[in-house]
Amino acid sequence: MDSQKSCIAVYPGTFDPLTNGHVSLVRRAAMIFGTVIVAVAGDSHKTPLFTLDERVAIAEQVFANDRRVLVEGFKGLLVNYVKSREANVILRGMRAVSDFEFEFQMALMNRKLDRTIETVFIMTDYKWLYISSTIVKEVAKHGGDIRGMVPEHVRERMLERFGPANGSGEGA
């Protein structure tokens, strides 16, 4: 068990925004691995709501009191970043069977690029199965209430971005 506790896991994602599903997965993983690095991706085919620096700052605020969790931004190939951090696990969350095909392909490619790095899948807590960053952004953009889907300070940042009638449920 001691070897598991010294294991460093990297949880990559755009986290735009960071949801309660992400937070739950990181906290559960931190009970398994010695350290979890929340690796906020700067290179993405997505157009982010928040800049890389903003997303890193948001995640740092959420995990500020958990010494087992580090937050860093990164750009480039994930496997190279994982190696640079001397980590040996890529952590991925699974919400539903629909996530599996893409995640399986990515895990196989990462394995091809570096056979010393393992991908570990953790099932999302059932409370968060329906939540994704994309859905949260759409709900907030159209004035829906996102309370309980994201940490409160994330909701506040989204209100700043979309306006007071959005993300609070007050304008819906």
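Here the Cβ of each residue, glycine as well, is placed from N, Cα and C on the backbone.
Model, not experiment: these values are computed from the prediction.
Record features, source Swiss-Prot:
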type    : residues                                                                     : note
BINDING : T14, F15, H22, G93, M94, R95, E103, W128, L129, Y130, I131, S132, S133, T134 : ATP binding site
BINDING : T14, K46, L78, R92                                                           : substrate binding site
SITE    : H22                                                                          : site 'Transition state stabilizer'
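The binding residues for ATP are recorded as T14, F15, H22, G93, M94, R95, E103, W128, L129, Y130, I131, S132, S133, T134; their greatest pairwise CA distance is 18 Å. The binding-site residues listed here are L78, M94, L129; among them, L78 has the most other Cβ atoms within 10 Å of its own Cβ. Over all protein chains present, the Cβ of H22 (ATP binding site) has 25 other Cβ atoms lying within 10 Å.
Of all the binding-site residues in the list K46, L78, R92, the shortest Cα-Cα distance to T14 (ATP binding site) is found for K46. In this structure the C-alpha atoms belonging to R92 (substrate binding site) and L129 (ATP binding site) are separated by 14 Å. In three-state terms derived from DSSP, M94 (ATP binding site) belongs to an extended strand segment.
Spatially, by CA atoms, the binding-site residues L129, I131, S133 include one closest to L78 (substrate binding site), and that is S133. Under DSSP, K46 (substrate binding site) is assigned to coil, being neither helix nor strand in the three-state scheme. Around R92 (substrate binding site), taking its Cβ as the centre, 20 other Cβ atoms fall within 10 Å, counting all chains.
The Cβ of K46 (substrate binding site) has 10 neighbouring Cβ atoms from other residues within 10 Å, across all protein chains displayed. The Cβ of S133 (ATP binding site) lies under 8 Å from the Cβ of T14, F15, D16, P17, L18, T19, each of which sits 6+ residues away along the same chain. All protein chains included, T14 (ATP binding site) registers 20 other Cβ atoms within 10 Å of its own Cβ.
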